[in-house]
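Student: Here it is, the structure in full.
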Amino acid sequence: MEPGNYTVVTEVILLGFTEDAIIRAILFIVFLIIYSVTLMGNASIIMLIRRSPQLHTPMYLLLSHLAFVDIGYSSSVTPIMLKGFLRKETFILVSGCVAQLCSVVTFGSTECFLLAAMAYDRYVAICSPLLYATQMSSTVCILLVGASYLGGCVNAWTFTGCLLNLSFCRPNKVNHFFCDYSPLLKISCSHDFSSEVIPAISSGSIIVVTVFIIALSYVYILVSILKMRSTEGRQKAFSTCTSHLTAVTLFYGTITFIYVMPKSSYSTDQNKVVSVFYTVVIPMLNPIIYSLRNKDVKEAMKKLMANTHH
């Protein structure tokens with residue numbers, strides 16, 4: 001924002017997607033359904049893993065935490081977005097914006113770390129099966145999960161720390177459906193170079209490091225699979241990785257669009273669409289992806305349903 005006369009404000013206005021009341025009503029119904037499916041799908045994954053002894057393995061422990069993170073990620077954004085569909089503009093206190101951004105960044109960053117941990121788990125299972133029990137022990141799993149949440153919190157601290165040092169001025173209208181960092185910077189009358197660079201370096205580092213771990217894991221996995229003589233063994237190894245690769249491609253494909261591509265190459269509306277995809281749609285798709293192509297999950301679900309009916 002250009003320097004000059006301004007009035008510091010304590011709340012911001014989220015403009016959402018559209019001013020058209022009919023479109024807002026349709027979007028409200030669509031995203032309410034998506035949010036309901038997200039909550040039910042991910043909660044079902046968590047309950048299924050907890051209640052199925054055959055799923056008490058490192059792979060499914062990580063998956064249960066991914067499901068929990070997806071619930072938190074979607075819940076950080078969707079309720080405010082639904083509220084915005086009921087009115088033209090959504091008023092939110094700056095403190096509320098800080099809390100929402102902190103939650104979004106925490107869960108989003110934690111998801112990156114968990115996806116990397118899951119790639120490492122698949123690497124150990126396929127490339128070093130005899131060492132799996134020691135290299136993916138319960139202690140190692142707890143450390144991986146704890147480090148994932150800690151990494152998410154640290155990254156969120158860099159964003160919220162910078163945001164708390166900013167002042168916001170009129171016009172205090174944010175052209176977005178939630179308190180994302182970049183749109184908030186546009187209405188700040190006090191931001192400097194560091195408030196742009198520090199969060200970018202922090203989030204960029206997480207993306208680069210986790211993508212490197214995932215890519216390296218799958219290079220070794222691919223080499224190991226190609227060395228297998230058994231066709232059945234190859235198919236089994238590929239099937240255990242397909243769901244994870246699909247989830248990784250969807251998640252990193254969208255956040256790369258946001259954080260890597262030059263801002264001038266896409267519009268604010270395109271930014272909103274991509275943001276909806278990775279904060280709202282992907283958390284709904286993950287439990288479907290991991291359920292449809294996973295024999296263990298399908299079998300556990302059948303057993304649980306059979307036990308429930310008896």
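The chain as shown is numbered from 1 upward.
From the backbone N, Cα and C atoms, a Cβ is placed for every residue, glycine too.
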Student: Both K83 and S224 on the same side of the membrane in Swiss-Prot, yes or no?
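Tutor: Topo match: no.
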Student: Taking every protein chain in this structure into account, which of the recorded positions C97, N165 has the most other Cβ atoms within 10 Å of its Cβ?
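Tutor: Top count of Cβ atoms within 10 Å goes to C97.
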Student: Under an 8 Å Cβ to Cβ limit, what residues of the same chain, 6 or more beyond the ends of the topological domain 'Cytoplasmic' (293-310), are close to it?
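Tutor: Those are 45, 48-49, 51-52, 54-55, 60, 239, 242-243, 246, in sequence order.
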Student: State the non-local partners of the transmembrane segment (100-120) in its own chain: residues 6+ outside its ends, Cβ under 8 Å from one of its Cβ atoms.
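Tutor: Contacts of the transmembrane segment (100-120) (Cβ under 8 Å, skipping residues fewer than 6 from its ends): 59, 62-63, 65-66, 69-70, 72-73, 76-77, 80, 92, 144-145, 147-149, 151-153, 155-156, 159-160, 163, 178-181, 184, 203, 206-207, 209-210, 213-214, 217-218, 244, 247-248, 251, 255, 278-279.
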Student: Measuring Cα to Cα, how many Å separate C97 (disulfide bond) from N165 (N-linked glycosylation site)?
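Tutor: One finds 13 Å between the Cα atoms of these residues.
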Student: State the residues, same chain only, that lie 6 or more residues beyond the ends of the topological domain 'Cytoplasmic' (121-133) and have a CB under 8 A from a CB inside it; answer 'none' if no residue qualifies.
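Tutor: Residues packing against the topological domain 'Cytoplasmic' (121-133) from afar: 58-59, 62, 217-218, 220-221, 224-225, 237, 240-241, 244.
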Student: For the transmembrane segment (272-292), which stretch among 55-75, 134-154, 197-217, 238-258 has the most Cβ pairs under 8 A?
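Tutor: Answer is 238-258, with the largest number of Cβ pairs below 8 Å.
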Student: Taking 10 A as the limit, how many CB atoms besides its own sit near the CB of C189 (disulfide bond)?
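Tutor: Counting Cβ neighbours of C189 (disulfide bond) within 10 Å gives 17.
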